[in-house]
Amino acid sequence: MEARFHHRVKNMKGLCFLHPCIVGAVTSSNRMEAQQASPDSSSEECTVLEALPGKGTALICSQHKGKVSVLYCLSCENSVCEDCMNGEHAGHPTDSLENIVDQQLAALQDRVDSAQNRLPQIREAVQSLRDILQQLSSQRSSIEEDIHSSFSELHKTLDTRKSVLLMELEVTSGLKQKVLQGQLDTLLQEEAAINYNCSQTGEALDGENKAVILQTHKDVGERLSDLASQGLPLQPEENDQLDLMMDIEGLRKSIHNLGTIVTTNAVASQTEASGEGLEQCVVGQPATVIITTRDKSGGLCKTGNAIISAEVCTPDGSVADGEIVDHKNGTYEFQYTVKKEGNFSLALRLYDQHIKGSPFQLKVTSSPDDSPPTTTAANAASTGSSDGGARKRSAKSPGSRSRQKGVRRGGSLLGTPKKRVNPIEDDLIFRIGTKGRNKGEFTNLQGVAACSEGKILIADSNNQCVQIFSNTGEFQSRFGVRGRLPGQLQRPTGVAVHPNGDIIIADYDNKWVSIFSSEGKYKAKLGSGRLMGPKGVSVDQNGHVIVVDNKACTVFIFQPSGKLVTKFGSRGNGDRQFAGPHFAAVNNNNEIIITDFHNHSVKVFNADGEFLLKFGSNGEGNGQFNAPTGVAVDVNGNIIVADWGNSRIQVFDGSGSFLSYINTAADPLYGPQGLALTSDGHVVVADSGNHCFKVYRYLQ
């Protein structure tokens, strides 16, 4: 066996011995090789490895030549021979050298294993840091491109304005010059005429020739009278004022403060959450959680704009929609509402990483005084309920018998990736989907769009993609790659189809709108640097892109090139204000219809953003809402609205008067989101809580 000496360890007395893990690695046939391989052999060693005739490899005591160390002095922590025990180590506790070697070998192996167990964590952290560094580099490149593009646009705008001003100067001065020059020409002509006629009277005025006088008076006298009495434009008919008014200083200040690089030092491992909404809340009542961002040292971050996401969910998926309010001081407020009882998970993430303590366990009760139920399972078993009665108890469900005369089918809430035809007489034609990440599966689907080519498009938010189906529910394709670079999707929430076939996607977390070809190839983005949290998108009759910014409570209208046409709205409860607006639709009059989530209403504006009307209030009655989401308009101008909190779809006329429900009794909705009309006249809705989309008959 080849001898390999890796290292030596000094004991407490400065004496050296070979580490126990290599004891026995040297045989009598390679003793010399072993000694030569030792990098630090010296005469100071008290215990050396030596091969004795007939004894193989052993530790030899240097104090007693030829004696083998077979014991280990526990007091001195050194190997000793029997003579040592009769001498200076007499009375010291000892143990078998072989036992000690085995113990130290086992301890060393445990430490190696413990150290190696850290390697997966280190590798994962290294990969995470590399991803962040790559993302940081990509973000820098993207922002650098945006800066160049923005200032290039500014240069173009300035050059255009310069040309306009020069043209305006030329036209204005030309008009003035024309008036003044015309007046000048008139006066010069009159002057020449007077001089000429006066010169004709010179001989007559000498008075010597009477015949000349008579003839001149006859020929020139009348003309001179006319010239003398003719009204002339003797006063200037224009002025010489041409001034330039330009607020250079104000523009200089604006340019000086133009743009800012937004970032924070917040890290998820130090960021904390607090508030009653962190542990419990009441069904149907708003709950609040305060998120305090901190840096790596635990210091409070004092600026906003951190990228925070929140989700309340069960093992089946997301069941609550909410809003994150940035207080711009390092703290954020997550406001949410849950519409059924039970135990839930509240996940709070900063830059896609769980903050300290996340996910949190959340208990939702029917009233503040409710105690934990102890007989729910027994009651469910005795009544034959398959879901604990949580959804069945909801007074807000449009599938309850007091609302619609449908019979709830057992197990109808269980999704399937295959198309399922509805056997009960209601408006449901089929449903597609279940929870998952494969084709035809969804995780928190949000926006819905339909196009004239007979396609249905679904914004699959937590799967970071858009899935495309036929009007009959057959899967066709999907596209989308998770990320924060142009062309990638981080949280797609809204989808629309442009008349030219382009697919327009609102990306809430990336804070921009992406434009893809009909084949799913990335083309451009718009709204970067303006949008804070785009939720829904639509297209008006001019081909303009309408973006509902949920976070900014503002509606933006862009040209497909990215140029801003106009914007309107702010946070509040006034007619032209919003509180968490969600989706938009456009009617035949090019009027824009917006669902105002937390104001429980629908508002209508003209193409310039002027308020026209609103309808709805908070409640469960006909025409009332509990947080409206999806919206669509039929050819007759009737408005179809997804009522998220009441889990139903209502239909209104163009003036906002309630008309009817779409019958969803046989397979009840659970938190509907986006909504659209298919090319064959049906209503398609994203049933977010059931992880599927459903298609209903709709009689226009």
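Cβ coordinates come from backbone N, Cα and C, glycine included.
Per TrEMBL, domain 'B box-type' is recorded for 56-97. TrEMBL lists 98-146 with the feature coiled coil. Annotated repeat 'Filamin' per TrEMBL: 263-364, in sequence order. According to TrEMBL, the feature region 'Disordered' maps to 362-419. Look at TrEMBL and you will find 365-385 tagged as compositional bias 'Low complexity'. The feature repeat 'NHL' is assigned by TrEMBL to 429-472, 476-519, 520-561, 565-608, 612-655, 656-699.
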For the repeat 'NHL' (612-655), DSSP counts of helix, strand and coil? 0 helix, 22 strand, 22 coil
So, taking each listed stretch (263-364, 476-519, 520-561) in turn and counting its Cβ pairs to the repeat 'NHL' (612-655) that are under 8 angstroms, which one gives the highest count? 263-364
Between the repeat 'Filamin' (263-364) and the stretches 429-472, 520-561, 656-699, work out which stretch tops the count of Cβ pairs under 8 Å. 656-699
Please work out the helix, strand and coil residue numbers for the repeat 'NHL' (429-472) from the DSSP assignment. 3 helix, 26 strand, 15 coil
State the mean pLDDT for the repeat 'NHL' (612-655). 94
Could you tell me how many residues in the domain 'B box-type' (56-97) are helical, how many are strand and how many are coil under DSSP? 6 helix, 17 strand, 19 coil
